[in-house]
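Features as listed in TrEMBL:
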TRANSMEM  23-44  transmembrane segment
TRANSMEM  50-66  transmembrane segment
TRANSMEM  73-89  transmembrane segment
TRANSMEM  101-120  transmembrane segment
TRANSMEM  127-148  transmembrane segment
TRANSMEM  168-186  transmembrane segment
TRANSMEM  193-213  transmembrane segment
TRANSMEM  233-250  transmembrane segment
TRANSMEM  311-330  transmembrane segment
TRANSMEM  342-364  transmembrane segment
TRANSMEM  376-395  transmembrane segment
TRANSMEM  401-419  transmembrane segment
Amino acid sequence: MTKNLKENLEVIGVRDKVPLKRAIPLSIQHLFAMFGASILVPILFKIDPATVFFFNGIGTLLYAFITKGKIPAYLGSSFAFLTPVFLLIEQGVSFNQIQSGFFVSGILFMFIACIVGFIGTTWIKKLFPPAAMGAIVTIIGLELAPTAADMAGFPVGLSNSPVLNPKWVTVSMITLITIVLCSILLRGFLKVIPILIGVIVGYIAACVVGLVDFTSIQNAHFFVTPKIQIMEFNLNAVLTILPATFVVIAEHIGHLSVTSSIVGSDLSIDPGLHKSLLGDGLSTAISGFFGSVPTTTYGENIGVMAITKVYSVYVICGAALLSIILGFSGKLSALISTIPTPVLGGVSLLLFGTIATSGLRTFMEEKVDFSKSRNLIMTSVVLIVGLSNISIKVASIEIEGMGLATIVAIIMSITFIIFDKLGIMNEKDN
């Protein structure tokens, strides 16, 4: 896209209505942007993708209503909860019990939204300074590294096969290479959907080597109702999942800031950050209660807006309606469920690494000064606690990894704040 063409693109404002014949393809474009990432979470959790599409759409519409149609944001499946959920699955916790963690996470999200509405967000940075938040996000990605390698067909001790699986590795590498090439070579809208393109190419490769079974597609109905599964409360699931909420909140605030700069209006003031957090929290709570996964604002859709200069919330709501319709498609759900593990492994090798590097990026963007002892110690301790398999067991509840690292970060932050108030720190606060 040339500079002149970019300058001549029509800007469609947040509250601008778009004619239906233009709105439909624009909404489909947003649907494609979120599709590749959104299908990964339900597949990794082994739940019906159609249910997730349905509640993502419902959540996005609720978000638009709560924010008075002033924030063009699409809510998709969150990756921040992968690590605690995998840990719970290993412990034999059922998914409907895991849902209770999602539900309480949504409630906490809404509670924090109310606090933000009264006193702002300064306390969040005090409790989770960049030196801690960057480390926590990095832990999420690095903890998932063995899982990604195992899914890609490499022997890492997690699978029953101690040797490399040639077919799986071939498919996962084709998928990974496709995503990498799309990310660095393609332009315009295609640059926003490298995961979707990679999954399609990887799926074709998997078909060629005989890793795809089409039986479920043939037997599936065209029309189905989304599978609703009411949560079952489990305290272990709640305590394990809850720390990830703060990661999503930090991500949410960052996305809202980027969206504000794109649309040229401070959305944290009007309609307000608290309303944005409230909408996301309500979406997560409802999704968790009825059998879906936590939601978050999607960077992919923000990228689409930046490229097309179409900021209309009506287009976003159109994408949400299309997502709800997909929730009733039995054939599509069956097709997604046939995506082989190595295809997801190829995606995960990059995706989980990207999560880790986004934590490192936090250090740079926030200009964390590691010459200061408090920052160096905070990051060092949080990283080691999160990655060293240290665990604490209280009764039947075991806390480790990212969850334990988050608790340690909070304790250290509060301790440093108290020392600051007492004036006994040998360094001034940043």
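The backbone N, Cα and C atoms fix where each Cβ goes, glycine too.
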Completion exercise
Ranked by Cβ pairs within a distance under 8 Å of the transmembrane segment (101-120), the first of 73-89, 193-213, 233-250 is 233-250
Handout entry: Top Cβ-contact partner of the transmembrane segment (401-419) among 50-66, 233-250, 311-330, 342-364 (pairs under 8 Å)
Key = 233-250
Exercise for the section: Determine which recorded stretch among 23-44, 168-186, 193-213, 233-250, 376-395 has the most C-beta pairs below 8 angstroms with the transmembrane segment (50-66). Expected result: 23-44
Practice task
Check the transmembrane segment (342-364) against each of 23-44, 127-148, 168-186, 193-213, 233-250 and return whichever range has the most CB pairs under 8 Å.
Solution key: 127-148
Exercise for the section: Given the cut-off of 8 Å on Cβ pairs that are 6 or more apart in sequence, determine whether the transmembrane segment (233-250) and the transmembrane segment (168-186) share at least 3 such pairs. Expected result: no
Practice task
Please indicate, using numbers and ranges, the residues of the same chain that are 6 or more beyond the transmembrane segment (127-148) and have a C-beta under 8 Å from a C-beta there.
Solution key: 79-80, 82-83, 86, 156-158, 243-244, 246-247, 250, 345, 348-349, 351-363, 366, 368, 370, 374-376, 378-379, 382-383, 386-387, 401-402, 405-406, 409-410, 412-414, 430
Exercise for the section: Mark yes when the transmembrane segment (311-330) and the transmembrane segment (193-213) have three or more Cβ pairs under 8 Å (sequence separation 6 or more) and no when they do not. Expected result: no
